[in-house]
Amino acid sequence: MAALFALLSISIFLGAKSATFRVTNNCQYTTWPGMLSNAGVAPLATTGFQLQPGETRAIDVPPSWSGRVWARSLCTSDPTSGRFSCATGDCGSGAIECGGGGAAPPVTLVEFTLNGAGNNDFYDVSLVDGYNIPLVVFPQGGSGPNCVPTGCVAELNEQCPEGLKVVSGRQTVACKSACEAFNDPKYCCSGAYGNPNTCRPTSYSQFFKNACPRAYSYAYDDATSTFTCAAGKAEYLLSFCPSTSSLRQSSENNPQAAGVPLINYTMTFSGNGYSTHYLPSYPFNIFFSLALSWLSTFL
Ligand SMILES: *[C@@H]1O[C@H](CO)[C@@H](O)[C@H](O)[C@H]1NC(C)=O
């Protein structure tokens, strides 16, 4: 019996192929990715590191790993204590490695369950805990009709509804979920609202969904927000601040691929309160650039 079990585990071991995440920072500022394994899943070799603008790091991920990945921004080490902390996505470890700490909201999250039900990798990008930076997952070399990029390309901080903004200095650095901001069961899908029939989209969740149609905008937003690739075949490119110009040209935005497009260009022109004062101190803003290209078609 024990021999049979050993044989079985060896064959499972041989059959399972580890995955690779390529984490790339296209932002014009430094980011510090954080990684947290789900309960009962071993931590990855790294749980946090620094990425300069333009830098990419490949990470080996064991078969059947599940957990979440996010980006921290605006991090500093305290000059006296040496304690490391971040204005967004902080994991509370006081160090670059998160060591089992999760991200403080608001934060844009990538969630993975590799080699889950039906031998599929499941992944999604979630704004249920709010938003800090644009982030897209590009599966590469995978197969399946739902094996397409997902995420949130839009720069939402300046567009963030009043009451949800997180301001640091003069910058809006993140955008809270309505659940975090108002702690109301209706927004949190808790209590009487704790099921998909009673917890419905709200004007706040709709703000996130309009801007980022493939991302989770509230807890029961499953229908358009979960993606799958056949397990063991795909590599995943996680891009922070993905280039919008390359995405516009590509088929990645094709709504047929997933029922909804990756980028909603209609949203561009409903921009509110965009301040040009913001431009020098903050990265390239998608709404601004899209509005410009739209205008230029008339000139
Ligand atoms: C795009 O945004 C507009 C509002 O800005 C919304 O009416 C429309 O439904 C959105 N499209 C998608 C696919 O989410």
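Cβ coordinates are placed from backbone N, Cα and C, and glycine is handled just like the others.
Look at TrEMBL and you will find Cys27-Cys241 (among others) tagged as disulfide bond.
Cβ environment of Cys75 (disulfide bond): Thr30, Trp32, Phe84, Ser85, Cys86, Ala87, Asp90 lie under 8 Å away, each six or more residues apart in the same chain. Sequence annotations record features per position, and here TrEMBL assigns disulfide bond to Cys75-Cys86 (among others).
Residues or ranges marked as disulfide bond in TrEMBL: Cys91-Cys98 (among others). In sequence order, Gly34, Met35, Leu36, Thr47, Gly48, Cys91 make up the list of same-chain residues 6 or more apart from Cys98 (disulfide bond) whose Cβ falls under 8 Å from its Cβ.
The feature disulfide bond is assigned by TrEMBL to Cys147-Cys229 (among others). Within 10 Å of the C-beta atom of Cys229 (disulfide bond) sit 24 other C-beta atoms, taking all shown protein chains into account. In the three-state DSSP scheme, Cys229 (disulfide bond) falls into the strand class.
Long-range Cβ neighbours of Cys212 (disulfide bond) (same chain, at least 6 residues apart, Cβ-Cβ under 8 Å): Val125, Leu127, Gly151, Cys152, Val153, Ala154, Leu156, Asn264. As annotated by TrEMBL, disulfide bond applies to Cys152-Cys212 (among others).
Residues annotated as disulfide bond in TrEMBL: Cys160-Cys175 (among others). Taken residue by residue with DSSP, Cys160 (disulfide bond) is part of neither helix nor strand, so it is coil.
In the three-state DSSP classification, Cys179 (disulfide bond) falls within a helix. Taken from TrEMBL, the feature disulfide bond applies to Cys179-Cys188 (among others).
DSSP assigns Cys189 (disulfide bond) to coil in the three-state reduction, placing it in neither a helix nor a strand. For Cys189-Cys199 (among others), the entry in TrEMBL reads disulfide bond.
The signal peptide annotation in TrEMBL covers 1-18.
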Cys188 (disulfide bond) to Cys241 (disulfide bond), Cα to Cα, whole Å, comes out at 27
